[in-house]
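Student: Okay, here's the structure, questions in a sec.
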Amino acid sequence: MAVSSYSLDGNGELEIEEPLLITTTTCSTSSSSSSSDDNGGNRNIGIGDAVDGVVDYKGDKVFDRSKYGGWKSAYFIIGIDIADSFTYWGISSNLISFLTGSLSQSTVKAAVNINVWNGAMSMLPLLGAFVADSYLGRFRTILFSSVIYILGLGLLTLSVMLPFDHITSGSPSAFQVIFFFFSLYLMGTARAGCKSSAQAFGADQFEGGDPKECKSKSSFFNWWFFGLCFGSSFSHLTLNYIQDNMGWSLGFGIPCIVMAAAIVVFLLRTKSYRYTVNEEKQNPLIRIIRVFIAAAKNWRKFSSPNTIQEEYKHLGANNFKFLDKALINNYNSSSRVNSLPCTVSQVDEAKAVVKLVPIWVTCLIYAIVNAQSSTFGVKQGKTMDRKIGADFQIPSASIQIFESVSIVIFVAIYDRVFVPLARTITGNRNGITMLQRIGCGIFLSTATMLVAATVEKRRLQTALKFGLIDMPQVTVPMSVWWLAPQYVLFGIADVFTIVGMQEFFYDQVPNELRAVGLCLFSSIIGTGHLLSGFLISTIHYLTSRSGHYSWFSDNLNRAHVDYFYWLLAGFSAFELATFIYMSNSYVYKTVKGELQMQQGHLIEPVD
């Protein structure tokens with residue numbers, strides 16, 4: 001179905017532009033026709049004059065799209081993304097080397113610690129989003145979090161500058177370990193608040209009610225991910241080498257300086273950003289929680305007035321009827337005002353969030369697979385031939401650059417080649433739907449684990465062939481470049497699934513909860529890392545009993561990481577089948593005045 005979009009010409013007259021298909025990302029065709037000035041008086045504004053739901057840095061409505069928001073502002077926000085990616089990947093990609101080296105931890109313990117840290121870092125954005133959406137706003141949350149972020153990086157640098165005496169005592173002191181992990185978690189906590197708000201703040205620079213900006217918003221998520229991978233690629237090229245050859249203090253100190261510089265640059269554009277306005281007096285996340293509490297309190301009540309039924313018939317909200325119980329006292333009780341239950345719109349918001357749960361759950365296995373790129377692959381690379389030329393030896397963590405580079409390249413290919421080609425076939429403005437994009441990535445993640453298992457099996461066979469099974473310190477005569485294909489597949493899968501999940505959870509939650517929506521995506525990654533740590537610990541316990549070698553033995557030549565990869569491939573295949581089933585029954589969010597895509601076909605909203 002086509003819908004005409006409206007705009008003002010140069011003389012202020014309304015004109016109808018060419019019919020436009022609007023799909024996947026919410027693109028509204030309605031705009032406010034009037035607004036209030038600063039003095040409370042009303043002034044008539046032509047349709048499309050004011051950007052809905054945002055103000056400038058003074059708190060005034062935004063009328064000039066070329067001056068406020070858009071790509072000119074989004075680029076500065078993407079700059080934070082690049083610096084953050086450079087910082088995070090510069091630390092996390094080689095963290096297993098620091099933990100097993102300077103902190104003398106076993107491979108299993110280091111892998112679990114990394115997964116728990118990454119999991120916590122990905123879960124904490126939920127708290128940051130709550131603070132941003134409910135109290136501080138996204139800009140101030142970015143600012144305050146960044147200050148703590150830089151402080152954490154400074155303490156982390158100081159912690160690795162302390163002399164480690166594990167050579168003489170066998171292990172570092174308890175103070176050194178505690179100080180290091182305190183700094184690491186402080187940095188990670190602050191990063192969570194900064195990153196969750198920064199991405200939502202960047203998307204806020206584009207209006208869904210403007211056809212051109214709606215398309216740019218969809219592209220923003222692609223280029224956000226491009227920036228992420230550009231930063232990580234540069235860190236793999238530089239920081240990993242510096243850490244291995246020049247010391248950890250310099251390798252951790254440089255990210256601190258880079259992050260501080262990025263925040264300064266971000267603040268230079270303060271006067272030209274668009275700032276969202278939350279018109280609801282009650283905290284948006286509290287509204288959602290309140291619905292569940294009210295529904296639970298009314299669980300035993302069966303009253304279903306015709307008024308409720310008629311309202312829901314009008315709104316078309318017929319799913320998750322157990323939440324309708326949150327409305328019961330609204331019609332049957334004479335309780336005081338402050339104890340009144342929820343409104344129909346609040347229940348609809350809660351239903352919109354609950355509707356995302358099946359998709360959230362089915363994506364968890366992908367997150368477990370995603371967690372493996374920075375742990376065992378790095379340890380495998382340390383055992384392999386890493387020489388380039390006669391003397392230069394690349395850091396094992398730098399092999400992850402293939403993931404970052406493949407993302408950088410494929411994001412551009414996806415945005416400029418794949419989407420236009422797919423659009424001609426599907427008629428979908430974004431080429432394919434968000435769930436189709438996620439599904440493609442899950443399929444590729446299955447292939448990634450199959451390739452990883454095959455390569456590790458070959459590495460073990462090579463070690464056996466040359467009699468190196470019990471010589472873990474000797475280089476296995478197999479090039480580290482054998483690991484490249486799995487990292488390339490990791491990257492391509494991320495372009496589909498990671499970006500797809502970001503866009504999906506941003507788009508499908510109520511407008512006031514969009515930072516929380518992005519954190520629902522982040523919580524998938526976080527939960528996946530935590531589940532990965534639990535899975536590794538469980539498998540290690542089960543396979544190391546009775547004196548047997550663990551799948552994750554410190555001597556990787558005696559371990560069986562390949563079995564672990566085969567197991568994850570099986571999990572991923574099951575996930576793909578489940579995801580296809582769930583996505584086929586999913587109905588995209590429908591908002592008054594907007595068009596949405598349901599499984600590739602346009603549907604009209606209920607007015």
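Cβ atoms here come from the backbone N, Cα and C positions, even for glycine.
Okay, these came from TrEMBL:
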REGION    26-45  region 'Disordered'
TRANSMEM  143-164  transmembrane segment
TRANSMEM  170-187  transmembrane segment
TRANSMEM  221-242  transmembrane segment
TRANSMEM  248-268  transmembrane segment
TRANSMEM  392-414  transmembrane segment
TRANSMEM  434-455  transmembrane segment
TRANSMEM  487-506  transmembrane segment
TRANSMEM  518-543  transmembrane segment
TRANSMEM  563-582  transmembrane segment
Student: Please work out whether the transmembrane segment (392-414) lies in contact with the transmembrane segment (487-506), by counting C-beta pairs under 8 angstroms that are 6 or more apart in sequence and asking whether there are at least 3.
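Tutor: Answer yes: the transmembrane segment (392-414) meets the transmembrane segment (487-506) with 3 or more Cβ pairs below 8 Å.
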Student: Are there residues at least six beyond either end of the transmembrane segment (143-164) with Cβ under 8 Å to its Cβ atoms? List them, or say none.
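Tutor: Contacts of the transmembrane segment (143-164) (Cβ under 8 Å, skipping residues fewer than 6 from its ends): 80, 87, 91, 98, 102-103, 128, 136, 172, 176, 179-180, 182-184, 186-194, 197, 248-249, 252-253, 255-256, 259-260, 263, 267.
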Student: Mark yes when the transmembrane segment (434-455) and the transmembrane segment (221-242) have three or more Cβ pairs under 8 Å (sequence separation 6 or more) and no when they do not.
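Tutor: Touching, no - the transmembrane segment (221-242) and the transmembrane segment (434-455) miss the threshold of 3 or more Cβ pairs under 8 Å.
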Student: Six or more residues out from either end of the transmembrane segment (434-455), which same-chain residues have a Cβ under 8 Å from its Cβ atoms?
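Tutor: Hits for the transmembrane segment (434-455): 24-25, 359, 363, 366, 369-370, 372, 377, 482-483, 485-486, 489-490, 492-501, 503-504, 507, 562-563, 565-566, 568-569, 572-573, 575-576, 579-580, 583, 586, 600.
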Student: So what's near the transmembrane segment (487-506) in sequence-distant terms, Cβ-Cβ under 8 Å and 6+ beyond its ends?
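Tutor: Same-chain contacts beyond the ends: 24-25, 199-200, 203, 218, 221-222, 224-225, 229, 356, 359, 363, 366, 370, 373, 377, 399-407, 410-411, 414, 434-435, 437-438, 440-442, 444-445, 447-448, 451, 514, 517-518, 520-521, 524.
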